[in-house]
Amino acid sequence: MRTRIIVNGANGKMGILACETLENHEQFEIVAKLSRQDNLGQSILDTKAQIVVDLTRADCVYENSLTIINHGARPVIGTSGLVETQIDELTKLCEIKQIGGIIAPNFSLGAILMMILATKASEYFSEVEIIEGHHQQKLDAPSGTALKTAEMIAAARKKPKNKLPLKELTPGARGGSHHDINIHSLRLPGLLARQEVLFGNIGETLSITHNSIDRRCFMPGIVLACQKVLNLNNLVYGLEHLL
């Protein structure tokens, strides 16, 4: 029997590709393709969906996630914009409901490997900054991938970074800080998704860069998440935990 899936945000560029990918997969059946005006909770009840893949917007992803879990479906969240307190609340709710779920800041397997490699490098380089770039339709900054990368690096590095007595002549020139790691966000035409993690040491730098040049690079990760989520009874933050 095929797994019943709703794609929320089905009319967007990612949503269209996700529908195409999942429809052509023998394990899955798409039972609804939803957009902003549709009633997500009622659709879950009507279709008896087991999984909801959310590819919507940062301004509604938290409420969507609550709706999915409270209606007994398993969330596969590919929308950025969730902050740490919201992720904590969703984690607790999944524990109470004994429902598995996945929040994936990035579905690209290459991006996940970039994050893993950066985490390893942070054991040896304490000085690091992140430069992320996306298309101009991405309204939240920094990206979920950059935030997750900073969290992984902060948890792994063995000594704090140097405290520099700098004065910003233009406010924000040094970027934003997350877990004491500076993040710089670019929003430019011609970009899809790009991230560089730049480490510095005495006499050397190390750059780990990933470029997404076609949204199809995210599809294997969506398939993997949908395959794995039914076997979970907790919320997983980051696709790296499923590899």
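From the backbone N, Cα and C atoms, a Cβ is placed for every residue, glycine too.
Feature annotation from Swiss-Prot assigns NAD(+) binding site to G9, A10, N11, G12, K13, M14, G78, T79, S80, A104, P105, N106, F107; the stated evidence is sequence analysis. Annotation comment: Swiss-Prot describes H134 as active site, proton donor/acceptor, evidence class sequence analysis. Taken from Swiss-Prot, the feature (S)-2,3,4,5-tetrahydrodipicolinate binding site applies to H135, G144, T145. The active site, proton donor annotation in Swiss-Prot covers K138.
On its own chain, G78 (NAD(+) binding site) has M14, A18, V53, D54, L55, A104, F107, F218, I222 as residues at least 6 apart in sequence with a Cβ closer than 8 Å to its own Cβ. Long-range C-beta contacts of P105 (NAD(+) binding site), restricted to its own chain and to partners at least six residues apart, with a cutoff below 8 Å, comprise S80, S143, G144, T145, L147, K148, G238. Between the CA atoms of H135 ((S)-2,3,4,5-tetrahydrodipicolinate binding site) and K13 (NAD(+) binding site) there is a gap of 12 Å. With respect to Cβ neighbours within 10 Å, the binding-site residues N11, S80, T145 differ, and N11 shows the lowest count. The local packing around K138 (active site, proton donor), expressed as other Cβ atoms within 10 Å of its Cβ over all shown chains, amounts to 19. Sorted by the number of other CB atoms within 10 A, the recorded positions K13, H134 start with K13, the lowest. Counting only the Cα atoms, the space from N11 (NAD(+) binding site) to K138 (active site, proton donor) is about 16 angstrom.
The residue listed as 'active site, proton donor' falls outside any helix or strand according to DSSP and counts as coil. Cα spacing between K138 (active site, proton donor) and G9 (NAD(+) binding site): 14 Å, rounded to the nearest whole number.
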